[in-house]
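Below is one structure, written out as structure tokens, with a few remarks after it.
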Amino acid sequence: MTALFLMSMLFGLTCGQAMSFCIPTEYTMHIERRECAYCLTINTTICAGYCMTRDINGKLFLPKYALSQDVCTYRDFIYRTVEIPGCPLHVAPYFSYPVALSCKCGKCNTDYSDCIHEAIKTNYCTKPQKSYLVGFSV
């Protein structure tokens with residue numbers, strides 16, 4: 001009985017570790033608006049990692065929904081709002097961004113995720129940088 005229990009426990013831990021590669025990960029993003037004087041550097045968390053998936057050989061005979069593969073995506077998230085410094089009065093200086101609290105492997109939801117294969121490399125500043133100074137949760 002003890003050996004069976006230990007083997008079950010070991011199997012559960014192994015599967016748990018294999019399935020937990022989709023986790024909240026620290027990410028630095030740069031936010032700027034054309035009208036504002038500064039670029040804001042923000043530290044947040046995003047969902048990143050690997051999900052178990054399989055490629056189906058009989059693609060011609062299956063509906064499109066069966067062909068989608070799981071991606072590492074948000075389970076729970078909140079939005080935070082920051083104020084971009086150096087904006088003129090006629091420009092709204094606020095920017096909201098998601099903060100991942102927990103992640104899951106699932107279908108990519110374009111309502112709140114970028115579902116492209118390779119992102120365009122735009123995470124840089126062209127203006128002087130300011131660190132995240134003012135922010136509040138929405």
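Backbone N, Cα and C define each Cβ position, glycine as well.
Annotation source Swiss-Prot lists signal peptide at 1-20, citing experimental evidence.
The DSSP secondary structure for C72 (disulfide bond) is strand. Spatially close to C72 (disulfide bond) yet at least six residues away along the chain are F21, C22, C47, A48, G49, Y50, C51, C103, K104, C105, judged by Cβ distances under 8 angstroms. Per Swiss-Prot, the feature disulfide bond maps to C22-C72 (among others); the stated evidence is similarity to another entry.
The annotation disulfide bond is assigned in Swiss-Prot to C36-C87 (among others). Taking a C-beta cut-off of under 8 angstroms and a sequence separation of 6 or more, C87 (disulfide bond) has the following same-chain neighbours: R33, E35, C36, A37, P93.
Long-range neighbours of C125 (disulfide bond) (same chain, six or more residues apart, CB within less than 8 Å of its CB): H30, E32, C39, T41. If you look up Swiss-Prot, you'll see C39-C125 (among others) marked as disulfide bond.
DSSP classifies N43 (N-linked glycosylation site) as strand under the three-state reduction. For N43 (N-linked glycosylation site), the Cβ neighbour count at a 10 Å cut-off comes to 11, with all displayed protein chains included. Positions annotated as N-linked glycosylation site by Swiss-Prot: N43.
The disulfide bond annotation in Swiss-Prot covers C47-C103 (among others).
Look at Swiss-Prot and you will find C51-C105 (among others) tagged as disulfide bond. Take the CB of C105 (disulfide bond) and look out to 10 A: across all protein chains shown you find 20 other CB atoms.
Per Swiss-Prot, the feature disulfide bond maps to C108-C115 (among others). C108 (disulfide bond) falls outside any helix or strand according to DSSP and counts as coil. The Cβ of C108 (disulfide bond) has 16 neighbouring Cβ atoms from other residues within 10 Å, across all protein chains displayed.
With respect to their backbone Cα atoms, N43 (N-linked glycosylation site) and C108 (disulfide bond) stand 23 Å from each other.
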